[in-house]
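Note sheet for the following structure.
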Amino acid sequence: MLIIGERINGMFGDIKRAIQERDPAPVQEWARRQEEGGARALDLNVGPAVQDKVSAMEWLVEVTQEVSNLTLCLDSTNIKAIEAGLKKCKNRAMINSTNAEREKVEKLFPLAVEHGAALIGLTMNKTGIPKDSDTRLAFAMELVAAADEFGLPMEDLYIDPLILPANVAQDHAPEVLKTLQQIKMLADPAPKTVLGLSNVSQNCQNRPLINRTFLAMAMACGLDAAIADACDEALIETAATAEILLNQTVYCDSFVKMFKTR
């Protein structure tokens, strides 16, 4: 299970201020904390309030790399910002994200191939997020076909079946789990899968409990990666334990510590 730390995001007040003031301290503190917590990649999102998203993304990449060698997941709807961030990355990166719209596919798949980056593909188009598994899977098939068309290795494609909050779209969760299982049958080798895990508990009570419960369920259905709160100790313990019980890693008495430090 690849944990992608979610916290360096301009939607959070401290990161928003850090970007506005070009203060690296909060960004670097969260990079360190998430890596110590068990993250093996860091999502970087400048947030919606920033006017110059290109320079903001460049800055985020630079200051994060000063303290961390983890994979950086460049999270933006602004393709120019993603491209600028990729050029600043010292190590292999991940693009977050494209949907199945042809216009975006034709730009972001070649960009990922050019930079040797992994790419997150969303199972949706401009009409929105599907309610059922069959429609999600149809979009996943389009993304798999695009990877083949543009030469993106299948193991570098991370398909996100898009979970919504349990308090407003409770019926989506079983459909997402079903989609996770089916995605693994679309190609050989199969594409990877990823979820924005915290979305499942947005505006809910007991968010950490919902997050870690759904993580274990999703892992049992084949989930490979999650953009999540890497500083939630119980969440990381759940991920480490699920790997053992799914026979994905060999048991040792210090399995949680091993998960965090591998």
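Here the Cβ of each residue, glycine as well, is placed from N, Cα and C on the backbone.
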Item checked: Which of LYS178, LYS184, LYS260 belongs with GLY222, ASP224 in the Ca(2+) 1 site listed by Swiss-Prot -> LYS184
Note to self: Among ASP52, ASP156, ASP160, ASP253, which residue does Swiss-Prot annotate as binding (6S)-5-methyl-5,6,7,8-tetrahydrofolate at the site that also has ASN96, ASN199, GLN202, ARG207?
What the structure shows: ASP160
Note to self: Spatially, and counting Cα to Cα, which of the binding-site residues is closest to ASP224 (Ca(2+) 1 binding site)? Options: ASN96, ASP160, ASN199, ASN203.
What the structure shows: ASP160
Next item on the list: For the recorded Ca(2+) 1 site formed by LYS184, GLY222, ASP224, name the remaining residues of the chain with Cβ within 8 Å of the site's Cβ center, in chain order.
Entry: LEU180, GLN181, ILE183, ALA190, LYS192, THR193, CYS221, LEU223
Margin query: With DSSP assignments reduced to helix, strand and coil, which class does GLY222 (Ca(2+) 1 binding site) get?
Written below: coil
Item checked: Pairwise Cα distance for ASN203 (methylcob(III)alamin binding site)/ASP160 ((6S)-5-methyl-5,6,7,8-tetrahydrofolate binding site) [Å, integer] -> 21
Notebook entry, point to check: In the structure shown, with every protein chain counted, which of the binding-site residues ASN96, ASN199, ASN203 has the densest set of Cβ atoms within 10 angstroms of its Cβ?
Noted result: ASN96
Check: In the structure shown, with every protein chain counted, which of the binding-site residues ASP160, ASP224 has the densest set of Cβ atoms within 10 angstroms of its Cβ?
Finding: ASP160
